[in-house]
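Chemist: The structure under discussion is supplied below as structure tokens; questions concerning it will follow.
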Amino acid sequence: MEGLLSVIEELYQGKITASNTRVKVYKKSFKEHEQARLIMVKTNGIRYILVVGKGSLFDDLQGENIGKGKACPLSHENRLVLNRYFDYTVPRAFGTKIATMGLGDRLGLASPGHIEAIKGRLVKPILAQQSIRELTLTNRTMNDMLDAAAFAVFQEGYEGGYGADGDHIKQESDIQMALELGISMLTLDCSDYIPTGIGAKSLEEVRSEFEKYPKDVQDYYNERYLHQTFDVNGVAISFDEETLIKYVLEYDEALKYMVHVYNEYISKLDRDFDFEISIDETETITSPMAHFFVANELTSKGVKVISLAPRFCGEFQKGIDYIGDVEQFERELSEHALIAEYFGYKLSIHSGSDKFRVFPIIAKHTKGIVHVKTAGTNWLEAVRVIAKTNPYLYRRLHTFALRNLEEALKYYHITPDLDSIAPLDSVTDENLADYMNNDAARQVLHVTYGIILTAKDDNGEPLFKEEFYKTLDEYEDEYIESLVHHIGNHVDTLGL
Ligand SMILES: O=C(O)[C@@H](O)[C@@H](O)[C@H](O)C(=O)CO
């Protein structure tokens, strides 16, 4: 609480000079509401909202009395108070008319940089975006994610609107929980309902599986798709028996789940909402025709999606550029984009971090109406700051990540060439950050975030987490700069 008294006094008098060197004042956060004045500050690495004045906002914010005001911690309860008084701190949906960018923040520290990076661009930020996998691996809750984003928005005085995505949710209990907590977007991960290997089966094999479906279901699909051609914004799509049956076997169960979730939860919401369907985290590549099939079924059942994430050809591995045939990608992407446009939703690009080779293609065909998810790359920028500012910590993280890679591979599919990672003892402290320019090192550090952040020493104390946070706190401006540069490059290359 050192030094807060003088800032509270200044706030009371309405002239913040921020001359107190023990307290960092986030001047952009200054707000007046009726007879209360607020500002965010940091002292000894801890942030507070200082409030002076009177009225219900002053009374509702909970904190310690200091002089003429209060120092309120960034608690969940105080976040809810901010949400009640300042609309811009509440996550909101964006619909289909503007591009959005998922800016996953595994540490709860990246949003100030993200806000700076997208300000004034043709894209809205989904600042709160964490998958159940990420929350589990980092031991965080959905509320931790929502609190961090709302406080960042307040800190930066950013009133342009932001979203909160319950990302890659599979279970109904998680859907319910996330909706109750106030997310504005849900990414329904249907991968558990999509069998793999269907594409490789013979017509006889798939036909005999299809024949096990009730007769009315078989008739339904045959009548809707066989012997017809669909004109999708100039692309002709028609299904032969084998293709149709394979799509039914691949997507029928997933479609049932999508319709169920939409009818049970999404359609009943009394607020605008961005509902995204994800069929990307599976080995089954979504051809444009399969995409059409899924979208056509959803539309006929009244399911309104704001975005849909197909599994594109090639590989969208975490934290590195696109792997695969770029020409084929462009051919297919152009059709995916036309299909999305035809059905009136945004194409969603998952694992969108660092896909610089294909961003111009995505920009060209989606024409600014797209959703791109990033997450791990924001964590990697944090690791870059650690490498530059705390070499000793970086060296320990690096060694630990390589030793524990096997464990992380249970959750992520990556194929790093480990031999291409220079031995740690051959790299000087000044050059440690270069590891963040090596694909294999990036991938290793990308997927081991959970293991690193939750590692404990023999006494059960955090092995890295506290020092990691402390370093980033000390170098918060460097982290902001890094993100502005890196996410700025993403946004530039995407033409947004
Ligand atoms: O790591 C995760 O679980 C998530 O960040 C991603 O799968 C996310 O959906 C994404 O695509 C970020 O690029």
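From the backbone N, Cα and C atoms, a Cβ is placed for every residue, glycine too.
Caution: TrEMBL annotation is automatic and unverified by curators.
According to TrEMBL, the record shows the following:
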ACT_SITE  D167  active site, proton acceptor
ACT_SITE  E276  active site, proton donor
BINDING   H168, K318, H350  divalent metal cation binding site
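So that I understand the layout, could you describe where these features sit and how close they are to other parts?
Modeler: Under the DSSP three-state reduction, D167 (active site, proton acceptor) is assigned to strand. Over all protein chains present, the Cβ of D167 (active site, proton acceptor) has 28 other Cβ atoms lying within 10 Å.
Taking the Cβ of E276 (active site, proton donor) as centre and 10 Å as the limit, one finds 26 other Cβ atoms among all the protein chains shown.
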Chemist: Should we count any of the recorded positions H168, E276, K318, H350 as near ligand 1, judged by a CB under 6 A from one of its atoms, and which?
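Modeler: The ones that qualify, in sequence order, are H168, H350.
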Chemist: By the DSSP assignment reduced to helix, strand and coil, which category contains H350 (divalent metal cation binding site)?
Modeler: coil
Chemist: Quick one: pull the CA-CA distance for H168 (divalent metal cation binding site) versus E276 (active site, proton donor), whole Å only.
Modeler: 9
Chemist: Measuring Cα to Cα, how many angstrom lie between H350 (divalent metal cation binding site) and D167 (active site, proton acceptor)?
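Modeler: Distance (Cα to Cα, whole Å): 11 Å.
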Chemist: Residues other than H168, K318, H350 within 8 Å, Cβ to Cβ centroid, of the divalent metal cation site?
Modeler: S131, D167, D280, E281, S351, K373, A375
Chemist: Which one is it: of the binding-site residues H168, K318, H350, which Cβ has the fewest other Cβ atoms within 10 Å in this structure?
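Modeler: Relative to the other binding-site residues in H168, K318, H350, K318 has the fewest Cβ atoms within 10 Å.
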